[in-house]
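The structure appears right after this line, and notes come after that.
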């Protein structure tokens with residue numbers, strides 16, 4: 001249902017793009033993505049490296065999705081949320097990586113206005129969905145460790161489903177706000193985006209208007225979501241670690257192992273996001289490499305972190321795929 005609503009919003013936004021462009025008298029119909037580099041030799045390396053990373057990301061997240069969906073032992077809320085985390089990872093990576101890979105080998109780095117706006121919407125939608133899922137996973141661990149007697153009641157299947165629906169709706173609202181701001185930007189001059197995908201900050205540099213107010217709205221939207229979510233997650237982990245003092249040594253070890261893997265994901269994802277979306281309307285050469293962390297790096301590391309550090313997932317994968325072989 002939420003996916004259907006998001007698709008309808010995309011269609012409505014696409015239908016209104018011509019009207020918006022007429023209002024602002026836009027002369028730019030396509031953009032040129034600068035990519036990570038313009039050096040021909042380095043572009044071949046970019047193609048090879050990121051093709052391998054992207055395929056590994058798809059493979060790792062696909063294995064997690066299939067394993068959780070088919071395994072009878074991975075029915076707890078934590079794996080329910082992990083399923084959607086892998087889904088959002090695969091989609092977020094697919095939003096940005098393929099165009100970078102194809103552009104590096106074909107030297108064709110143009111993207112139409114409509115495709116650029118669609119990429120802005122998709123990147124923010126799946127990025128925001130991942131943020132909400134990480135918060136839900138931290139909430140699940142908090143209930144499991146701090147309120148174990150009420151865990152089955154507070155984290156029932158119905159509650160988890162409702163929380164995920166709210167996450168989809170919240171992501172849709174966030175990305176719709178982003179695309180609304182992006183559609184109001186008039187482009188009448190330069191069309192070279194110094195990035196490897198369409199994002200809000202590089203587009204602000206090309207707009208033929210004063211973008212100070214719009215940047216404040218961007219910071220209050222994306223920046224606030226990243227910062228507040230990061231604070232919430234850090235607080236939850238501090239509370240969890242504090243509550244572990246009353247647990248047995250084995251219980252502390254297992255809980256600490258789980259929370260450590262979650263914390264690694266949080267730092268790798270939120271650090272670059274906060275750096276990009278909570279500052280004045282300026283861009284730096286390092287922005288592209290920082291963006292690689294949360295658009296390509298984190299989706300690749302999540303499967304490794306949640307499988308190599310989780311015995312239940314590894315056993316379920318061995319059981320499932322060995323039987324298939």
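Using the three backbone atoms N, Cα and C, a Cβ is placed for every residue, glycine included.
Annotations in TrEMBL come from automatic prediction, not curation.
Of the candidate ranges 78-101, 198-221, TrEMBL annotates residues 78-101 with the feature transmembrane segment. Looking at 23-44, 45-66, the range tied to transmembrane segment in TrEMBL is 45-66.
For the transmembrane segment (78-101), the neighbouring stretch richest in Cβ pairs under 8 Å, chosen from 45-66, 121-139, 222-244, 256-277, is 45-66.
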